[in-house]
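Chemist: Here it is, the structure in full.
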Amino acid sequence: MYRQSPFGDITPVVKNLLIVNVIFFIASNVIPVLNEILAAYYPASPLFKPWQIISYMFMHGNIFHIFSNMLGLIFIGPILEQTFGQKRFFNYYFLTGIGALALQFAVQAYEVHQITGSFGIPADYQPKDMSEPLTLQSIYGIGIVGASGSIFGLMMAIFLLYPNLEVYLYLTPIKIKYFVPLYLLLEVFQGLRPTPGDSVAHFAHIGGGLFGFILIKLWGYKNSNNFY
C-alpha cells in the first residue's frame with residue numbers, strides 16, 4: 001500500500017482517469033459483451049480492433065484488479081501530475097500504456113512465430129503436439145485488460161524522480177528505489193517462467209516500466225531532493 005501523496009488532494013487528470021475507469025468497470029459488468037469489444041487482442045486475431053490499443057487500459061478483470069490499479073493511481077498519480085503538469089502527465093499515462101501493450105504484442109508475436117514459423121497461423125499449419133493449439137488459442141482468444149502497464153510507467157517515474165519516497169509493503173516501509181526494481185525483477189521472472197493458470201500479462205507490466213524509463217530520459221527529468 002502506498003503512503004498518501006505528499007501533495008494532498010487528488011489532481012484533475014488523476015480524478016478523471018479514476019472516474020472513467022470506474023464507469024468502464026461498471027459498464028463492462030452490466031454489458032458483458034464490452035469485455036470482448038474493448039479488451040486488446042493480438043493484432044492477427046479476428047477479435048482485434050484498432051481502438052483496443054486505448055480502450056484496454058480502462059477494462060479490468062475483477063474488483064481486485066481495478067482496486068489495486070486505482071490505488072496505485074491515487075497515491076502515485078498526483079505527485080507526477082504536479083511534477084509534469086496536466087498535459088504531459090496525460091500523455092505519459094497513455095504512452096506508457098501503449099508501450100506496455102506493444103511489448104506484450106511483441107512477445108506474443110515471438111511465441112506465435114516459434115510455433116507456426118509465421119506471425120499468424122498459416123492455412124497449412126499442422127500442430128506438432130497438443131500444447132500448441134492451446135497456446136495459440138490463449139494468444140488469439142484471450143484479451144489483455146487493465147491499467148497496470150500505465151501504473152508500472154508511473155512507478156518507473158517515481159523510481160527515477162523520487163527514489164527515496166516510501167511505500168508500505170505488508171505494513172513495512174520500503175523506499176521506492178528498492179521496491180520498484182524488486183517488483184520489476186519479479187515480473188521478469190514470472191514472465192519468463194509462468195506458472196499454470198497465470199493470466200497476468202507480465203510483459204505488459206515490464207513494457208510500461210520500460211517505456212516510462214525511455215520517456216523520462218527523453219524528457220530530461222532529473223532526481224528531486226524533495227523526499228530525501
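Using the three backbone atoms N, Cα and C, a Cβ is placed for every residue, glycine included.
What TrEMBL shows for this protein is this:
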type     : residues : note
TRANSMEM : 12-34    : transmembrane segment
DOMAIN   : 49-217   : domain 'Peptidase S54 rhomboid'
TRANSMEM : 54-80    : transmembrane segment
TRANSMEM : 92-110   : transmembrane segment
TRANSMEM : 139-162  : transmembrane segment
TRANSMEM : 174-193  : transmembrane segment
TRANSMEM : 199-219  : transmembrane segment
Chemist: Could you tell me what the rest of the chain brings near the transmembrane segment (174-193), counting residues at least six beyond its ends with Cβ under 8 Å?
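Modeler: Contacts of the transmembrane segment (174-193) (Cβ under 8 Å, skipping residues fewer than 6 from its ends): 107, 152, 155-156, 158-159, 162-168, 200, 202-203, 205-206, 209.
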Chemist: What else in the chain is close to the transmembrane segment (199-219), if you only count residues 6 or more beyond its ends and a Cβ gap under 8 Å?
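Modeler: That would be 61, 88, 92, 95-104, 106-107, 142, 144, 146, 148-157, 160-161, 180, 184, 187-188, 190-191.
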Chemist: Roughly where does the domain 'Peptidase S54 rhomboid' (49-217) sit in mean pLDDT, to the nearest integer?
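Modeler: Residues in the domain 'Peptidase S54 rhomboid' (49-217) carry a mean pLDDT of 91 in this prediction.
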